[in-house]
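J.: Heads up, here are the entries from Swiss-Prot:
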- H173, H217, H274: divalent metal cation binding site (BINDING)
Amino acid sequence: MNAPSLPRLAMVLGDPAGIGPELIARLLADTEVREKAHIVLIADEAEMRRGMRIAGCEFPYRRIDALETLDFADATPLLHPWLSQGGDEFPRSEASAVGGRYSLETLALALELTRSGRTDAILFGPLNKTSLHMAGMDHSDELHWFAERLGFGGPFCEFNVLDDLWTSRVTSHVALAEVPGLLSQERVGEAIRLIDDALRRSGLARPRIGVCGLNPHNGDNGSFGREELDIIAPAVQKAREQGIAADGPYPADTIFLKVQGDARAFDAVVTMYHDQGQIAIKLMGFSRGVTVQGGLPIPIATPAHGTAFDIAGQGRADVGATRQAFEIACRMGRHKA
């Protein structure tokens, strides 16, 4: 691959109190990773080197003090040192305002780099929502924070990815009792279009999308719930009329059987609520799951697991999901519109 075709990634550690520093260290110690992208890491240098010690590995890097121009002369990652603006030390293995504030500071820099065109995509280590809220973030999650920082008013949602299988959901972090009232043909259709667009941006020409029902056995033809008949099926039909290869609705207890093995029927599954997809994905491969911040104008990916405070600093963190997030960020950055 010629150097000009390499995607340019802005990378941050996530919450320093968790496993992010050791995951990023283990990722960048892999020569193959460094040869797949031009990387600028925004991080406290002491925390990054601590991550190296915990992971038992090192990687070369070149320090840069300014971010106005990025000179990707070779495969060596760039490091832009960023100290906590509060000047406080980071607590270990626990949520804190210091860790949350630092996470937001470094993410804001990565967003600015990518929004301005100096990088193509963002990869960040695990965040802790309690830390983010302690630091003053008043959004329900980082996806809404990203959208506000970018001034983005269009539709967006969280995608979960396992290997080559993508999932999205019509509703997300809401009480289960609220889900039926939040469903509409427009919202189901929007979720289908968002994941179709994201897969195309990651290089797949015509994604096959399976859509999940809401009720047991798809409502059994209206016997216990009409959402499949009145909302989901019409939304799927409209998506098909728009040229999207969507199919469904399928019962929630069988649709994920259709995406296993070599004869997989779908590239993506759209679910109606959070746990319909999350339970299946985590059972299929918890250590490889990736979260993509879908619908935003720039590609953003992160491992789907959390900060794992219980094992942070022990060198036991599995880099598998972070490696998958890196691969997805590279693909989406390369195909960014």
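Don't overthink the numbers, they just go from 1 along the chain as shown.
Glycine is no exception: its Cβ is also placed from the backbone N, Cα and C atoms.
Show me how these features fit into the structure around them.
T.: The Cβ of H274 (divalent metal cation binding site) lies under 8 Å from the Cβ of R169, T171, S172, H173, V174, each of these being in the same chain and 6 or more residues away along the sequence.
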J.: Which is it, of H173, H217: the one of these binding-site residues whose Cβ has the most other Cβ atoms within 10 Å?
T.: H217
J.: What does DSSP say about H173 (divalent metal cation binding site): helix, strand or coil?
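T.: The three-state answer is coil.
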